[in-house]
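This report concerns only the one structure given below.
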Amino acid sequence: MPVSCSAKCGNNAVLKRPKTGDALCKECFFWAFETEVHSTIQGGQLFKQGDVVAVAASGGKDSTVLAYVLKLLDERYNYGLKLVLLSIDEGITGYRDDSLETVKQNRDDYEMPLTILSYKELYGWTMDEIVEQIGRKNNCTFCGVFRRQALDRGAALLSVDKVATGHNADDIAETVLMNVLRGDIARLRRCTAIATESEGSIPRVKPLKYTYEKEIVMYAYFKKLVYFSTECVFAPNAYRGYARTFLKDLEKIRPSVIMDIIHSGERLSVRDNVRMPTRITCTRCGLVASQAICKACTLLEGLNRGLPRLGIGKESKTNRMRAQLQSAEAASDSAKRSAGDEF
Amino acid sequence: MTGKDGLNLLIEFSGGAELLFNKIKKHNVSLPKSEIPWTIEKLLVWIKDNLLAEKPEMFIQDDSVRPGILVLVNDSDWELLGQLEYELQNNDNVMFISTLHGG
């Protein structure tokens, strides 16, 4: 027996919405999905008339749906945006090279200019080369730190006003969980923010913050949007995977859990006497940092000096390693100088 | 043709789920005759025994699909159709879409 659409439009429903439990037909689902993203954008005042917005595009479902729906809403509600695509090529053979083809398809389908920036251009290393140095245990640290900064650099290069990322409700809930598990209070406090703005960096916005992954996939399916899906060839060891499985198991029992976790994150307040890292700018690259030398520069220094573990672990450990390195260098410099004096 | 005579189905995998099925997205299959009607629950066992190429735990968990894999029958969410208990009809199109793969 077909179920009829909860909106009483007379059509048969095609899906059950996880967030509300409503059964909707295709057209009513599209409308609900798009209207919710619109109200998220309006409620969070994510854009201004005339903004140039870079959509961080990976070729995956989230960024493909984001690019599509932003274009549609911009036309429907006259946001007055100029939308461009920005992709980061981490240099992962068999993963990113294929998905970038999908981004090129997005560029043609949605008529948006595309810029691709590679880790190789930005940092001198591909992820494949980094994995060769560090192995498969901490490689996601490099990739995540570099990607965040690569988007900032790309956004500055394109002189855009905002960067829109495809983070969905499931991603945010997962991040809340991970920050709880790691005891990372600073990130826990800011990870649910719909827009992040800090001194000297271009604001990031998350228009799909309240959109369930299931609905993104259903939307892409019913709209026949082309996206690329694969597992990162290095990802199986990532901590995030465990948080994700846990969340999906919970969601099966109680679909509202995703919104509930986001809500918990949003409502959380941190006592005044909890010490927070202050955000400063990196003395090397000038981008936002929580230490004198930012994580990306530290990781890069480690790679370039043949000490890939330099930026892994606690800050105090990094400082100790760096101090040892400097005293060893000073010793070898003075040895060279005194050797030079003899001749 | 009813469940008792066997069924022809189109089974599809996408969103990354096809990676567990030798990257083949579309499978035209004929299910054998059965005294008990073919439900999705029974189909999952059949898929595990006949189509699944690797890592069964990435597709099936606790006799159902792994949480995060969406199921559509003739383009309708299986959550509207009784999920595991849905009785398959001849020429049904059953689609499995993974949401667990990134971009």
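Note that Cβ sites are derived from N, Cα and C of the backbone, with glycine treated the same way.
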Range annotated as region 'Disordered' in TrEMBL, from A:183-205, A:252-274, A:321-343: A:321-343
Per TrEMBL, member of A:Ile41, A:Ile88 binding ATP alongside A:Ala56, A:Ala57, A:Ser58, A:Asp62, A:Gly166, A:Asp171: A:Ile88
Most Cβ neighbours inside 10 Å, all chains, among the binding-site residues A:Asp62, A:Asp171: A:Asp62
For the binding-site residues A:Ala56, A:Ala57, A:Ile88, the one whose C-beta sees the most other C-beta atoms within 10 angstroms: A:Ala57
Proximal but sequence-remote residues of the same chain as A:Gly166 (ATP binding site) (Cβ under 8 Å, at least 6 apart): A:Val55, A:Ala56, A:Ser58, A:Gly60, A:Asp62, A:Ser63, A:Val65, A:Leu66, A:Leu208
PLDDT averaged over every residue in the domain 'Cytoplasmic tRNA 2-thiolation protein 1 C-terminal' (A:281-310): 87
Sequence-remote partners of the domain '2-thiouridine synthetase TtuA-like N-terminal LIM' (A:8-29) [C-beta within less than 8 Å, at least six residues beyond its ends]: 2, 212, 214-215, 218-219, 222, 251, 255-256, 258-259
Near chain B - the binding-site residues A:Ala56, A:Ile88, A:Asp171, filtered by Cβ distance under 8 Å: none
Maximal Cα-Cα distance (Å) across residues annotated as binding ATP, namely A:Ala56, A:Ala57, A:Ser58, A:Asp62, A:Ile88, A:Gly166, A:Asp171: 19
